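As recorded in TrEMBL:
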TRANSMEM  31-51  transmembrane segment
TRANSMEM  63-82  transmembrane segment
TRANSMEM  102-118  transmembrane segment
TRANSMEM  138-157  transmembrane segment
TRANSMEM  250-270  transmembrane segment
TRANSMEM  290-311  transmembrane segment
TRANSMEM  327-351  transmembrane segment
TRANSMEM  371-393  transmembrane segment
TRANSMEM  497-516  transmembrane segment
TRANSMEM  528-548  transmembrane segment
Amino acid sequence: MSEESAPGPKESPLAARQAGSREVWKKGGRLLSVLLAVNVLLLACTLISGGAFNKVAVYDTDVFALLTTMMLLASLWILFYLLRTVRCPDAVPYRDAHAGPVWLRGGLVLFGICTLVMDVFKTGYYSSFFECQSAIKILHPLTQAVFVVVQTYFLWVSSKDCIHVHLDLTRCGLMFTLTTNLAIWMAAVVDESVHQTHSYDSSHSNASHLHLAPDRESGSSVGGDCSCNTAICQIFQQGYFYLYPFNIEYSLFASTMLYVMWKNVGRLLASSTHSHGHTPSRVSLFRETLFGGPILGLMLFVVGLAVFIIYEVQVSGEGGRTQQALVIYYSFNIICLGLMTLVSLSGSVIYRFDRRAMDHHKNPTRTLDVALLMGAALGQYVISYYSIVAVVVGTPRDLLGVLNLAHALLMIAQHTFQNVFIIESLHRGPPGAEPHDTTPKEPCHGLTFANVDALHTLPACPPTPRVVGTNPVGPQEAMAIILAPRGHWRRRCLKDISLFLLLCNVILWIMPAFGARPHFSNTVEVDFYGYSLWAAIVNICLPFGIFYRMHAVSSLLEVYVLS
């Protein structure tokens, strides 16, 4: 029986039957909330995708109206939830120690602040030509700002809740709020993809059939009354496009935390402090590291920023400068991906010598992390395999083709081995946790020690000694102390590996998130597949690859803390 529904050892048969009935209806309540989310999400997806094409009679005002309504309803439900839990002290009898770690909530706050800045820029942009714009275009960013503030506070204080009142209403409310975040994410991704398409069209002769509805409704095609000609208007326009990546990551971070809350609705734990996890009480950056990983990672991060700036400056220039920028861009990525692959393999090899027990306890947060890592990596897999086919089958055999092929192959290898390392790390027990040994050993009575090295020389003593002193130490703490010198080099290496991979993933997130599109600057795939098909592949799959990098950063930070 699952941990959620297992009755206590002293429960009566009637209580057990009641727990079983709650388990049955829990599945029904989850099904109801999922059906609600699917229908709302499909409606939002239809309007958002339809509003991106100029031959579809769906305007951006329709999309803004839907998103504004969803955010208002989600904000009202969050306020109801907060008020209900405050007025009912028994509403949250348990809290999941795994859910909502501090680094995830900190990232949510950071991206939320950037989203608020983006809303300010969008409000200023649409206010620049208020006389010919619909009021919903100004109301939408203002509503989103309120929604971000309310939701961020809600997730900061309630992300660990296992609520036990209004179960079905809570499940539906959480799933509706999750759907609202996914709809905001889809709108931002579509808007950014269309913006990138227009940027490509402005510098290439290929025509695109994808156009923003605002241009059709109130742009230059309608006499130029709403054209953005002033300097302040252009600053607002460019500003909120550059801040879109933070809004996208905020929506995805919030969605993952809401999903864990949804899984924890009605969950029964052993006690309010029950935890099979191993979250440390204190986290110190660069503590117990060899400094090789952080230094090398910082070097690659700085070099990557320089490469990204050079690429952005040169890619819009002449053909020769574009090719030079692509060579520099691919060369850096090949070196970075190659090092990340080798380091991930080294981490997996280190785990072969690690005697820590595997943690198989029920953990919705870890299950979601693994699923997101595997699912988000598929986006980059798709792009890489399409690139491999285009380079191998295509006729050009130049330097860019070779670099593109090596980049695609290393991208697949890096995602694969990094996922293996992260997933294995997340399933490891705390430092010093050994597999359970059932072999009987001769007890060692009355053991008092002050020298840890001397303790290792006692062959007859079991691995969990009896500690005598004024402040008794538990068996797990004693084991951690005893095994610390033996596993010290492994912990240092794992911390270096996780920090190196973390910094590399950050720079590999920055490049595509802020506009680097070698998929279009390098015309191998465009010539092979045609612009329309290749643009659809990249615009659909690349957002998942960008999300993978940021989610890998979150997971690697947890790996670093738990190593």
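Quick reminder: no glycine exception, Cβ is built from N, Cα and C everywhere.
Curation plays no part in TrEMBL annotations; they are all automatic predictions.
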Contact call for the transmembrane segment (371-393) and the transmembrane segment (102-118): at least 3 Cβ pairs under 8 Å, seq gap 6+: no
Considering the transmembrane segment (327-351), which listed stretch of 31-51, 138-157, 497-516 counts the most C-beta pairs under 8 Å: 497-516
Winner by Cβ pairs under 8 Å against the transmembrane segment (528-548), considering only 63-82, 102-118, 138-157, 250-270, 497-516: 497-516
Paired segments the transmembrane segment (63-82) and the transmembrane segment (102-118) in contact, 3+ CB pairs under 8 A: no
Residues from the same chain, set at least six apart from the ends of the transmembrane segment (102-118), whose C-beta lies under 8 A from its own: 141, 144-145, 148-149, 151-152, 155-156, 159, 239-240, 243-244, 246-247, 249-250, 253-254, 256-257, 283, 550, 554, 557-558, 561
